[in-house]
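First up is the structure itself, then whatever we jot down about it.
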Amino acid sequence: MEKWWLNSMLSNEDLGRRCGLSASLGPIGNTSGSEEPIINDSEKNVNSWSGRGSYSCSNVDYLFNLGGVKDVWSLISGETFWVRDSNGDSYSIYFDIENKIFEIDTDSYFLGELESLFSSYLNLNNGSKSYNRYYDHYVYDTRHSWKSHINSCIDSYIRSETNMDSCIPNGSNNSSDNYIYSYICSDSERGSDRGSSNLKTSGVSDSDFGRHNDLDRNKRYRHLWVQCENCYGLNYKKFFSSKMNICEQCGYHLKMSSSDRIELLIDPGTWDPMDENMVSMDPIEFHSEEDPYRDRINSYQIETGLAEAVQTGIGKLNGIPIAIGVMDFKFMGGSMGSVVGEKITRLIEYATDRSLPVIMVCASGGARMQEGSLSLMQMAKISSALYNYQSNKKLFYVSILTSPTTGGVTASFGMLGDIIIAEPNAYIAFAGKRVIEQTLKKTVPEGSQVAEYLFNKGLFDPIVPRNLLKGVPSELFQFHGFFPRP
């Protein structure tokens, strides 16, 4: 069941216009006792949802939600409200934002039940008559305790670079419209919290808008927001890339696409990709009736815009020419098949011939099972090319481990860097936690496969935050004799 806090919105005329409430709440007028002007349109008739004609209702004093009354769940729907005007007349209002339905009923029995229940609720909670001038009508006004806070949150939320003014006044029922209603109208807690919920007060915090109990609702607005997998905070997607996919709430490093990493590390205008059109041809004819390998490859190509799980090429890092390979976890979990292995091997051989430093950014679940032993052979092939590059040619290879780096990538080129860099909180392992526990029948300690723990065990060199990830390799390259070129 959904509950909506509308009083705060009705007491802000400018916000009401931007959220499109003027059209749907036309019959509701203003009262002289209101602290702020309520949305006030011309008086008009509204069709009754019970089919008994129409009602003209203006000058309504107050609109509130009965979400805090435990026994009302069986009487009212998710968007039903009780209104009492200055004449003492009562109405029940059905309000459906998504379908733009606004209906009014004056069923006396229904309202009598609500009055009785609400009266009991106030007596149970020791409501004070001196606190609220609407007490005689069994209306518990929470305005003074939370209105200022909610209004502040709403105004800053809408005005903060979301450009809502350009898309809402035309009355379109687009997804950003629904988003603002769902989040700004503060769809309150549901599910197991129903039995213990009370009317919201000034204790509401900004972080409540990103609680984990809103996960289902957030799926509808993925094109607008990115939810942190660590703190469940919301990050505005439009600016998320410019913040290097770092959560604004807790600083957690979320996954980045290979294209975003190339943009982060490589100087603008210097990127020259290699072997872009190399794709897998299903070498062992892996067959699955539910999800054929070729169909799966095609779907990931469409979804990511990539041909395979790694991008390789030449570019400049702070003016220093380098060869770089960047794995993309969004493409089949960054799994390493024959094409991934071949592209990385060719990159290393190219860098060997031209004496270029190499960076490999790892993000992989390991070898690709759909290619069988051919995928395992890539571990040896890449390691052999690196041996010639490092031991024979004495060139410099930097491995950057991001979350997650596991399986065959960890067991091969991921751990062969002259300098091994890890990102904060990166998940780095050979076998995953579930595999270890199911195989060895032992419990894996929590956090034992995280970068900070492994750093203390000496598994790699520095842990470098993402905002410094371009500067640190640049200094390392110069220390090893690689300098910027014009």
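Just so it is clear, glycine is given a Cβ too, placed from its N, Cα and C backbone atoms.
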Looking at the candidate ranges 44-66, 228-250, 435-457, 458-480, report the one that Swiss-Prot labels zinc finger. 228-250
Which residues, same chain and not among Cys228, Cys231, Cys247, Cys250, have a CB within 8 angstroms of the centroid of the CB atoms at the recorded Zn(2+) site? Glu229, Asn230, Tyr232, Gly233, Asn235, Glu248, Gln249, Gly251, Tyr252
At 10 angstroms around each C-beta, which of the binding-site residues Cys247, Cys250 has the fewest other C-beta atoms nearby? Cys250
Going by DSSP, how much of the zinc finger (228-250) is helix, how much is strand and how much is coil, in residues? 7 helix, 4 strand, 12 coil
What is the total of other Cβ atoms whose distance to the Cβ of Cys228 (Zn(2+) binding site) is within 10 Å? 19
Across the whole of the zinc finger (228-250), what does the mean pLDDT come to? Round it, please. 90
Neighbour count, 10 Å Cβ-Cβ cut-off, for Cys231 (Zn(2+) binding site): what number do you get? 16
